[in-house]
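Asks: Please find one structure pasted underneath; my questions will follow.
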Amino acid sequence: VRATEKFASMYFFCHSPQSAETDVAERGNKRPVWIMGHMVNAIAQIDEFVNLGANSIETDVSFDSSANPEYTYHGVPCDCGRTCTKWEHFNEFLKGLRKATTPGDSKYHEKLVLVVFDLKTGRLYDNQASDAGKKLAKSLLQNYWNNGNNGGRAYIVLSIPNLAHYKLIAGFKEALTSEGHPELMDKVGYDFSGNDDIGDVANAYKKAGVTGHVWQSDGITNCLLRGLDRVGKAVANRDSSNGYINKVYYWTVDKRQSTRDALDAGVDGIMTNYPDVIADVLNESAYKAKFRIASYDDNPWETYKN
């Protein structure tokens, strides 16, 4: 019996309806934030990053010359202060990730609710993008979603570095549909990660037929500094009545002051090598009043309206 069920009856004795309403109102007035553990490429790192405070992870996916997803691997160079060479076979990583996100499993982490796959498609020809999407979908269906039978529950973001590879999205959707599981697209979102002009990104989504589930990244390696100008443009698009963006995240943020700056700019997610740093800042009184760590009940495809 889960603790929440066990103590449900006690809750009604302890809480008046009014205080329950206050809890909901307080939750509704705080922006849900995703603390995104960066470069989680070995199964053992899933526990490590979630235990430090991450409710989301980012994993690199490399492809072979036939557009098969091959390894969870970044390689050199990578962020300052990190080992760049941890890896797993992609399908094995998916199995480990499934355990970490399947309720009832001994490795289950309730707080791990979102996974960003950083798709390293740079070595693929543009005309292989659709194939890469199909093969990626089949790998996820079999090894993560367990062919639709009580698989992992995390939401998935497909992060694509090249706007020219927009057909990856259609290929992914086509494969899930042909395999009989179009409903799993409800758990899938998108990101173009190349720091392109916001208007160009919008056009790529138009070509891809995407009208929702959009995360927009902005950032640079922690070895270099980058301002928040483009983040501001992405946030403005997100908050406009006709924008295409649902969520904005910034990477890679490892320091308290840059965390505060990103939160002040209105981001929904912060990618970091040090989840505990972000969690500490979110506990500061100024930020605790406005933000909270996202849970599974927070739909990552919905634009937050305060």
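Cβ atoms here come from the backbone N, Cα and C positions, even for glycine.
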Asks: Per Swiss-Prot, which of D105, D118, D126, D131 sits in the Mg(2+) site along with E58, D60?
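Replies: Of D105, D118, D126, D131, D118 joins E58, D60 in the Mg(2+) site that Swiss-Prot records.
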Asks: If you follow Swiss-Prot, the disulfide involving C84 connects it to which of the following: C14, C78?
Replies: C78
Asks: Between C14, C223, which residue forms the disulfide that Swiss-Prot gives for C80?
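Replies: In Swiss-Prot, C80 forms its disulfide bond with C223.
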Asks: Around C84 (disulfide bond), which of the listed recorded positions (D60, H74, D118) come within 10 Å, judging by Cα atoms?
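Replies: Among D60, H74, D118, the ones whose Cα sits within 10 Å of that of C84 (disulfide bond) are H74.
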Asks: Here are some disulfide-bonded residues: C78, C80, C84. Which one has the most Cβ atoms within 10 Å of its Cβ?
Replies: C78
Asks: Hey, does DSSP put H74 (active site, nucleophile) in a helix, a strand, or just coil?
Replies: coil
Asks: Between N283 (N-linked glycosylation site) and H38 (active site), what is the CA-CA distance rounded to a whole number of Å?
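Replies: That separation, Cα to Cα, works out to 21 Å.
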